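Trainee: Here you go, one structure.
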Amino acid sequence: MDEPGSCLARMRETAPLVHNITNFVAMAVMANVLIAAGASPAMVHAREEAAEFATLAHALTVNIGTADPDWGTAMEEAAAVMNGAGRPWVFDPVGVGATRFRQALSERLIALRPTVIRGNASEIRALAGLEGAARGVDAGDSVEAAAEAARLLACRTGGIVAVSGPVDYVTDGKEAYRVANGHPLMPRVTALGCALNGVIAAFCVGQPALAATTAALAFYGLAGETAARSARGRAASSRPSSMPWQR
């Protein structure tokens, strides 16, 4: 398994163009994270151009957080382009299992063989057909509770499955790795998980998907640890504190 630094250096040499069909909440954060990491982001989601633009990209991310039927079509068409071209694409099944629309769209998308599926424990369990405690974008299940679901899903899709949590779990259905880097502040920042999808996609360009995904998770966690060391003020606490007006 390559060191995260080696994978990062190779990614920066390529400076891949990452096409992101992501949610409204995440777009700005995701673009800034990708630029900081050394990749080039594009947020293109119109049904009329998503597939055409995908032909230009090195990698794709799909996030169904704020999907609608038109976006769903754009996601499927762009993913089909990447699949046909043998280029990496990452799928984040936000809130899958919460509604029939999300479940059906997710099933169609995984039929297009994503290179990596990344989600929380509840999402991975729901996508694998196991009962989970879904709470919108939050997980009601532990990472360890989703390990078997991740293995089954990886075998079913032929891709990598990454379960995000305090200790991330990554598997291709045969090998598995745990990544313990990160900081408790990270889940308290909106869209950091969504932005991680872009980093994984960028790392996967021209690199073995299992090693690249594991390295991306470690790199991202280390970046969070570094940022947390210099964080100051009330918002830098990993636990809620009382406000000045509260007695």
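Just so you know, glycine gets a Cβ as well, placed from its N, Cα and C.
As annotated in TrEMBL:
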- MET43, ALA191: substrate binding site (BINDING)
- ARG118, SER164: ATP binding site (BINDING)
Trainee: List the Cα distance (Å, whole number) between MET43 (substrate binding site) and ARG118 (ATP binding site).
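Mentor: With distance taken Cα to Cα, ARG118 (ATP binding site) is 19 Å from MET43 (substrate binding site).
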Trainee: Taking the Cβ of each of the binding-site residues and counting other Cβ atoms inside 10 Å, which one has the highest number: MET43, ALA191?
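Mentor: Result for the most crowded candidate: ALA191.
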Trainee: In whole Å, note down how far the CA of ALA191 (substrate binding site) lies from the CA of ARG118 (ATP binding site).
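Mentor: ALA191 (substrate binding site) has its Cα 14 Å from the Cα of ARG118 (ATP binding site).
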Trainee: If you draw a 10 Å sphere on the Cβ of SER164 (ATP binding site), how many other Cβ atoms land inside?
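Mentor: So the number of other Cβ atoms within 10 Å of SER164 (ATP binding site) is 27.
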Trainee: Return only the integer: C-alpha distance in Å from SER164 (ATP binding site) to ALA191 (substrate binding site).
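Mentor: With distance taken Cα to Cα, ALA191 (substrate binding site) is 13 Å from SER164 (ATP binding site).
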